[in-house]
Structures are given as structure tokens and as C-alpha cells.
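Comments concern the structure below.
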Number of protein chains: 2
Amino acid sequence: MEIIRSVNTIQKKINTIIGRNEQIGFVATMGFFHAGHISLMKQAIKENDIVVTSIFVNPLQFGPGEDYDQYPRDEDRDIQLAEQSGVDILFVPDVKDMYPKTMHINMSINERVNVLCGRSRPGHFDGVITVLSKLFNILRPDRTYFGMKDAQQVAVVDALISDLNFPIEIVGLPTTRENDGLAKSSRNVNLNKNERIQAVWLYKALKKGQEFVIDGEKNPDIIVKKVMDIITKQTTGTIDYVELLSYPDLKPVSVIDQQVVLATAVYFEHARLIDNLLFDEKGNLINVFKQGEI
Amino acid sequence: MEIIRSVNTIQKKINTIIGRNEQIGFVATMGFFHAGHISLMKQAIKENDIVVTSIFVNPLQFGPGEDYDQYPRDEDRDIQLAEQSGVDILFVPDVKDMYPKTMHINMSINERVNVLCGRSRPGHFDGVITVLSKLFNILRPDRTYFGMKDAQQVAVVDALISDLNFPIEIVGLPTTRENDGLAKSSRNVNLNKNERIQAVWLYKALKKGQEFVIDGEKNPDIIVKKVMDIITKQTTGTIDYVELLSYPDLKPVSVIDQQVVLATAVYFEHARLIDNLLFDEKGNLINVFKQGEI
């Protein structure tokens with residue numbers, strides 16, 4: 001595996017790869033890899049000639065008071081894990097190379113953001129689309145891989161690719177789960193023993209919600225209410241939100257007649273957990289979200 | 001010459017071209033070609049394997065009350081001229097294909113715009129960078145060509161390419177001029193006989209300004225004053241602006257110690273004319289502006 005830290009160097013490398021007509025798969029990360037990241041890399045390896053993983057903790061997507069400085073970093077471990085996974089190039093630019101001067105161009109997104117986790121992070125997704133536009137132009141991938149755990153991020157990147165005609169296919173891969181069903185997250189270690197047992201009820205409650213749709217329920221309010229009731233009853237956590245929205249548009253629906261996401265965020269004492277399920281109007285689970293052509 | 005009207009079709013065509021490792025030169029236009037456009041196409045043909053010219057009157061860059069509907073169009077003539085010039089592909093998308101739905105992503109630029117012509121066209125360059133981002137992603141050129149007649153537009157596109165890391169070289173080519181020196185423009189036909197004779201004084205005044213710099217004048221205010229005096233004395237036009245700014249940053253300078261643009265806009269009865277000269281701190285003319293690597 002090649003480790004490249006300079007924008008200029010990797011641009012030349014990408015020129016060579018494209019000159020050989022090889023297809024590039026790209027996994028954008030902020031490092032501190034867990035099983036979710038690895039599954040993205042492995043899928044990218046299956047579908048492309050060359051896989052580039054980037055590690056860049058993007059200051060632009062952290063608000064004032066958010067944890068940019070405290071964001072966990074472990075580059076040595078990440079390098080080892082990426083190499084073991086079969087990644088070809090690890091791109092680790094520093095902030096000065098990515099943002100050499102104050103940006104003159106500003107990007108913002110005004111849909112798909114004022115719901116779910118975006119509601120409490122104003123400007124967060126503006127930073128995400130800016131850094132991804134830069135990374136897409138630097139790395140020129142054919143396909144880019146994200147985890148559906150952050151379904152809203154996938155919806156935002158989908159809007160970016162579609163609105164600005166990036167010639168990139170976006171692939172949203174299923175959330176990686178523990179044996180009992182809990183979505184994997186670096187934050188799970190912050191749960192105490194009791195909370196860890198309860199936490200699986202986020203997933204179980206969403207599954208229940210999905211089952212109601214399979215059984216013919218079309219009213220999103222009823223589904224949301226049932227999911228909330230289960231989480232409230234089965235956990236000591238405090239619900240941030242349970243929402244059922246069209247996907248990837250992330251608009252409220254009055255009746256479930258299209259592809260939707262059922263998502264929740266719950267505060268435990270030292271961890272805020274999120275989870276979601278994507279399914280069609282009949283309740284059939286959608287595992288992989290794909291948009292765009294090559 | 002191939003005429004392509006669909007985004008989808010040209011994306012496939014571009015895939016084929018890139019697969020053959022051919023370099024693409026791109027000339028973005030709003031059509032109604034004059035000698036300036038043709039000179040861009042001809043230079044692009046010299047420097048690339050394939051030249052794509054786009055004709056797209058971009059609604060996003062026209063403000064309310066501006067002349068989007070009245071913007072001159074003559075597609076048959078443009079097709080003929082592009083073909084004669086040796087263009088390989090003429091891309092003529094329609095508005096619905098470029099903007100199939102309301103955009104979720106917004107782009108704006110907050111530097112290099114509140115000076116020169118940008119001052120009186122708020123939002124204009126936001127529309128320019130949005131459509132160019134789309135066209136760059138659709139056409140994936142190696143080089144893109146603009147006329148230095150609109151030096152501010154070149155500065156804005158330079159910021160776009162640099163901030164978002166588009167792997168594209170921008171080439172700003174010298175203003176095409178009439179025999180007497182008047183910058184070529186579709187609007188020159190709107191001058192009456194007397195005005196047409198006077199109009200050359202925009203160029204002559206800018207040349208005089210440049211000569212003062214060659215002679216050692218370092219004070220931008222003095223240069224601007226001299227240029228204004230000449231235009232006022234020699235024409236019946238009303239000066240919109242004469243400005244001397246750093247280039248491509250377009251910032252005011254207190255002393256001429258770097259590359260600058262000396263630019264003017266003058267209202268005549270039925271035409272507003274613009275012109276500019278780009279030169280270094282010693283007054284040496286810079287004919288071609290180039291930024292970015294391939």
C-alpha cells in the first residue's frame with residue numbers, strides 16, 4: 001500500500017492510473033477505522049481496479065464548540081488496517097495542503113439537511129460537500145462508498161453528485177452490526193454494561209417499525225409512535241429523534257408510498273447512538289443504495 | 001463536427017475520449033460567436049486532441065431584470081462557425097437537461113466579485129461558477145479557454161479551479177481587437193459612427209496608463225486618474241469605472257508592485273464597452289494568463 005500525503009503527488013498518481021484505464025474506488029474517512037470502514041474498503045476492492053482511502057479530519061465540517069481537536073486519531077493503526085484490507089493508496093493530506101488559503105468559493109446545501117442529525121449541526125453538511133468536491137476532483141473516482149449508518153450523509157452526497165454532475169457512482173453499503181444487531185460505532189465503548197444491553201433496542205424498535213409496514217401500516221406517525229414507545233420502554237436513553245422520511249429526498253411523507261428511511265438517535269449517559277433502516281413502501285429492506293452511472 | 005444535445009450522451013462520449021487517453025480542450029460560451037470565441041477555439045485546437053465547445057445561455061447567471069430572454073442567439077451560424085474553426089464536438093444542452101430539478105447545492109464566491117463589472121451584477125458569478133462546475137464535471141477537460149477581455153471572469157474561474165482542485169488548466173487568451181485597437185464585441189455594432197471613432201480611446205487610454213507604469217509610476221491612483229481624464233476628454237461616453245487591481249486576486253493595491261489589471265467600462269448611448277490590460281509591476285504586458293497544471 002502506498003501512503004501519499006501531498007495533493008500534488010496524488011494528482012500525478014491519479015493521472016497515471018486513469019491513463020491505464022483503471023477504475024478507481026474511493027472511501028472517504030476521518031480515520032479511526034472500525035468494521036464499518038473496513039467493509040467499505042473491501043467492497044470497493046471487489047468493484048474497482050484501484051482503491052484509494054482518504055483520512056482527513058475536515059475542520060470545515062465541525063462547528064464552533066464541536067470536537068475537532070478531540071476527534072480520535074490513530075494513524076498507525078489505520079495504516080495497518082487499510083493495508084490488511086487491501087487498499088492500494090492511503091491518502092493522508094494535511095489541512096494546509098487541502099486549504100492552503102482562505103476559500104473564495106463557498107458551497108452550501110439547503111435540502112436534506114434540516115432533519116435527523118443535520119438539525120442540530122448547522123453548516124456541518126456544507127463542510128462535507130466542500131471537502132468531498134475537493135477530494136472528488138483530486139482523486140477522480142469512478143465509485144465512492146459510504147455506510148448507510150449515516151443515511152443522511154449518503155443523501156447529501158447523492159445530491160452533490162447529481163446537482164453538479166460528478167461522473168461518480170455513489171454506493172451506500174449496509175450498516176455493520178454486532179451479533180445482537182447493534183450498529184457498530186466507535187462510541188459503543190462509551191456505553192456502560194446495562195446501556196450496552198439496552199442499546200440493541202434501537203435496532204429492534206426500527207425492525208418492529210419495518211414489520212408494521214410489511215403488515216400494511218401506511219401511516220408514518222403511527223410507525224414513529226410505536227418505535228418511540230419501544231425505545232422509551234426498553235432503554236434508559238433519551239430519544240433525540242425518531243423520524244420516517246422519504247429517501248433520499250428526506251422529506252416528510254403523509255403516507256408510506258415510496259422508499260423511506262426510518263431513523264433514530266438516542267442519548268445514553270456517555271454516548272449518542274444512531275441507527276436507521278431503509279425500506280420500500282411494502283417494507284422490503286433495501287440493503288444497498290446506488291445512484292449515478294459510470 | 002458532432003453536435004450533442006444530451007448530457008447523458010456527451011458523458012458517454014467523454015468516457016470514450018478519456019479511455020483513448022486523448023486530451024480535451026473546452027471553450028464554454030453562450031453562443032452568438034464573434035472573433036473572440038473563434039480565437040479561443042483555434043488555440044484549444046492547437047493544444048488538445050479533442051475540442052469541445054458548449055453553447056448554453058445559463059439562466060442562473062442572469063439577475064432579475066437582466067436580458068436572459070433577449071440574449072442574442074443564432075445557432076445555425078454558430079454551428080457553421082464552430083465547424084469551420086475545427087471544433088470536434090459542439091455541446092448544446094437545453095435548460096431542462098442542465099437543471100432537471102431545483103438545485104439543492106448552492107455555490108457562491110465572496111472574493112474577486114465586488115469590483116469591476118461584478119459590482120453591478122450581484123449573484124452573476126455565483127451562476128457562472130455553478131454552471132462551470134457542472135460543465136467541468138460533464139466534459140472533464142484538461143484545459144479550458146477564456147478571453148481576457150472579461151478578466152474578472154477569468155479570475156473567478158481561476159478561484160473555482162484552485163479552491164475546488166479541478167484538474168484543469170485555465171488559459172486566458174488576449175482580447176481580440178479591431179485594426180485600430182478597439183476590443184471586439186458584439187455590442188460594437190450598437191455604436192453610432194462618432195462613438196465608434198471615439199471608442200478606440202478606451203484602449204488608447206489604458207495603453208497610456210500602462211506606459212506611465214513603464215516610465216516608473218507606482219501610484220495606482222495617479223494612473224487611474226490619467227486614464228479617466230483621457231477617456232473623459234476624448235469620448236462622449238460616461239465612465240462606469242476605471243480600476244487598477246492586483247491580478248488575479250482583484251484587490252486594491254496602494255503601490256504597483258505585482259501583476260495588475262487596469263480595466264475600464266464606459267457607457268455610450270446604446271452600448272456599454274469594457275476593456276482591460278494585464279501587466280506586471282514594470283508595465284510589461286502579459287498576453288496569456290495561465291494557471292493550474294495538468
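Cβ atoms are placed via backbone N, Cα and C, with glycine included.
According to TrEMBL, the ATP binding site annotation covers B:30-37, B:147-150, B:184-187. What TrEMBL lists as active site, proton donor is B:HIS37. Per TrEMBL, beta-alanine binding site is recorded for B:GLN61. If you look up TrEMBL, you'll see B:GLN61, B:GLN153 marked as (R)-pantoate binding site.
Distribution of TrEMBL features across the structure.
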{"residue": "B:MET30", "record": "ATP binding site", "CB count, 10 Å": "17"}
{"residue": "B:PHE32", "record": "ATP binding site", "CB count, 10 Å": "17"}
{"residue": "B:HIS34", "record": "ATP binding site", "CB count, 10 Å": "15"}
{"residue": "B:GLY36", "record": "ATP binding site", "CB count, 10 Å": "22"}
{"residue": "B:HIS37", "record": "active site, proton donor", "CB count, 10 Å": "25"}
{"residue": "B:GLN61", "record": "beta-alanine binding site", "CB count, 10 Å": "20"}
{"residue": "B:GLY147", "record": "ATP binding site", "CB count, 10 Å": "23"}
{"residue": "B:LYS149", "record": "ATP binding site", "CB count, 10 Å": "20"}
{"residue": "B:GLN153", "record": "(R)-pantoate binding site", "CB count, 10 Å": "22"}
{"residue": "B:LYS184", "record": "ATP binding site", "CB count, 10 Å": "17"}
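Using a 10 Å Cβ-Cβ cutoff, B:SER186 (ATP binding site) registers 13 neighbours. Comparing Cα positions, B:LYS184 (ATP binding site) lies closest to B:HIS37 out of the recorded positions B:HIS37, B:GLN61, B:GLN153. Taking CA atoms as the reference points, B:HIS34 (ATP binding site) and the residue listed as 'beta-alanine binding site' are 21 Å apart.
The distance from the Cα of B:LYS149 (ATP binding site) to the Cα of B:GLN61 (beta-alanine binding site) comes to 18 Å. The Cα of the residue listed as 'beta-alanine binding site' lies closest to that of B:MET30, out of the binding-site residues B:MET30, B:GLY147, B:SER186. B:GLY36 (ATP binding site) sits 15 Å from B:GLN153 ((R)-pantoate binding site), counting Cα to Cα. Closest by Cα distance to B:GLN153 ((R)-pantoate binding site), from the binding-site residues B:MET30, B:PHE32, B:GLY147, B:SER186, is B:GLY147. A helical conformation is recorded for B:GLY36 (ATP binding site) in the three-state DSSP classification. Put simply, of the binding-site residues B:MET30, B:GLY147, B:SER186, the one whose Cα is nearest the Cα of the residue listed as 'active site, proton donor' is B:GLY147. B:LYS149 (ATP binding site) carries a helical DSSP state (H, G or I).
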